[in-house]
Amino acid sequence: MLFRFLLLLLICAPSALSAAPYQAMVVAAQKSAAEAGMAMLEKSGNAFDAAAATALALGVVEPGSSGIGGGGFFLLYIAREDRYVMIDARETSPKLAGNGEVFEQQSSIDGPQSAGVPGLAAGVDHLIETYGRLNRNVITQPAIDLASNGFAVGPRLRSMLEWRSSAFSDMARTTFLAGDTIRQPALADTLRRFARGGRDDFYRGETAGRLVADMKRDGGLIRESDLATYRVIEREPIIFDYRGFQFVSAALPSSGGMTLANVFGQLQDDNLKVLNQSDRIHLLVEAMKRAYRDRNAHMGDSDFVEIPDLLNPKRLQQQRAGIRMEHATPSSEIGNSSDAIGPGTDTTHFSVIDAEGNMVSATLSINYAFGSGYLSPSTGILLNDEMDDFATRPGKPNAFGLVQGSANAVAPGKRMLSSMTPTFVIGPDRTFIVGTPGGSRIISMVLLASLGFMLDETAAAEWVNAPRYHHQFLPDEIQHEQGAFNPDVANELQKRGHKLKLMKRRYGNMHAILIERETGKLTGIPDARGEGVAIRQE
Ligand code: DON
């Protein structure tokens, strides 16, 4: 009986497989990086080669957002096997960080000690070796050219530089504040070594030696053995159904997929399409509040901590039953999120599909804008500050205001909990590749855009560009962009007890692709908030 039920589910579940051949497409935050990906497709590479080249190039031309000094998650769909997999290239905690005592005295945001062991080089190398067709030299070349020839500083990067340059090390200042063009010769050399030696060079070879020497001199915590033991991990994505749509999303150590599954699990029996705007927003915010509470209190690296059965349908039904339509539940009534231990311009997301239907949804990060602000002089690598994604200070909010629990405490070799949510949403006849930067707000952004796709009441560009709103349990407020609520809806939400907090700036930088599987028609949707582009193969 159970077998028949499962079989039925398999037959009925939408599959990303399609009869139609596609034109290939890359949608990314910077044109030169999307072009790097497209150049691989032109050389008969596949979506995975394109993703590797785009990732490396983004690390050069968006130095404030991602790079080989950071990490991230690549969600893949391998068409010929009809299989999904997540490449986990998340940073790990260096041994010297112990249980995080260093952050009682030192910052987990600024300076070399805030860096986790970078994962991106291992992730890209694994992607190329396991799934690509082209060789590493070809794939790395566009990034090398961009680093050595330089690129012009655009308005977005300029404003990030103005905001964050006070945290820069000397070398970061020399490199990024030299003028209207940024050249990164030391990084170009490191990329050349990566092209030749791949992860062996980065984690055990010359680059490793240089990086560790810089760390020792300048107060960083990363040592030879941290690099030598870094491993990229292939993980099963989080897969769940919501009212005829299948979600494939990031697994732990990203909280993204589980938090999305938590929200949609609570709302399984609600027909959002028939609700008026105030009711819909109220319900979504209440479900977010409960799902983020679970995230913050219980999630961490599942290789280190036991994660409770948060997605048990009975439990989710109970959470739904606790939502009152007429009144917001104060977060303090739901519980707390740090039980045991007492703006979205950085990070990057891109989406790729190739002619065979292979897909990549990748979100990559160095955490805060320009990561730790520390640029290793001998390698040109700008190091991340992902240590701040751990619960480094008991009961205190991190840079994104998240108050988190012991499941996400610092431990040697552990991966810090992430909100990065690269996702595929597969409907009866269309597929949506989606993701965005934006710290803790990433999950609610992917949620709102996916709802746009599923409810399909507006043009596709609106799913990405509509003003956003967000609740993350603590602080107990709805954070929103200008224009997210009309005055009547805002009044109604306040009447129900919600506190509204207008964000000073718009947030996120989503890069999505809509695929109509029957016809093969593709719509690239770059976020109007940023400078991203969609490039289609001619
Ligand atoms: O992994 C995370 O959740 C964060 N390090 C992502 C940071 C981010 O998106 C910054 N962008 N605003």
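FYI, residue positions are counted from 1 along the chain as it appears here.
Each residue, glycine too, has its Cβ placed from N, Cα and C.
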Message = Of the candidates ARG90, ARG133, ARG136, which one does TrEMBL list alongside SER365, ILE366, ASN367, ASP389, SER418, SER419, GLY439 as binding L-glutamate?
response = ARG90
Query = Within 10 Å of the Cβ of GLY439 (L-glutamate binding site), how many other Cβ atoms are there?
reply = 25
Request  = Filter the recorded positions ARG90, THR347, ILE366, SER418 down to those with CB closer than 6 A to an atom of ligand 1; keep them in sequence order.
outcome  = THR347, SER418
Spatial separation of THR347 (active site, nucleophile) from SER419 (L-glutamate binding site) - C-alpha basis, Å = 11
Key: Using Cα positions only, nearest of the binding-site residues to THR347 (active site, nucleophile) (ASP389, SER418, GLY439)   = GLY439
Query = Quick one: largest C-alpha distance among ARG90, SER365, ILE366, ASN367, ASP389, SER418, SER419, GLY439, binding L-glutamate per the record, in angstrom?
reply = 14
Message = Test of understanding: give the count of other CB atoms lying within 10 angstroms of the CB of ASP389 (L-glutamate binding site).
response = 30
